Amino acid sequence: MTDAASLALAHEPVPAEQVVAGSPSTGYAPLDEPADGGRAGELGVWEMTPGAMRDVEVDEVFLVIAGRATVEFVEPVLPSIELSPGSIVRLDAGMSTVWTVTETLRKLFIAR
């Protein structure tokens, strides 16, 4: 069993070309070693500290465990969403987004 809420994550600064505001960092930990080499997807925990960053998404479904953030959809243009504990979101590969984190955000995700 793994406690995704308290799992220790090593953080790295967000690359400068992705930073929109502040000095955010991200951390990540895989939760399984896929027997198929990852073809069926990946399960993990991801975290971002306060600040804002640009990203290009992969196919992903996630559940917010802790924190607060806003995700702005740049391409395709869609309404922004507010994230808080319990939020469940699906992202499509290639979406261009801006993540603005106001309280360190931690999510459990499944991605392909």
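Backbone N, Cα and C atoms are what each Cβ position is placed from, and that goes for glycine too.
Feature list (source: TrEMBL):
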type: DOMAIN; residues: 42-108; note: domain '(S)-ureidoglycine aminohydrolase cupin'
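The average pLDDT computed over the domain '(S)-ureidoglycine aminohydrolase cupin' (42-108) stands at 98. Helix, strand and coil content of the domain '(S)-ureidoglycine aminohydrolase cupin' (42-108), in residues and according to DSSP, is 0 helix, 52 strand, 15 coil.
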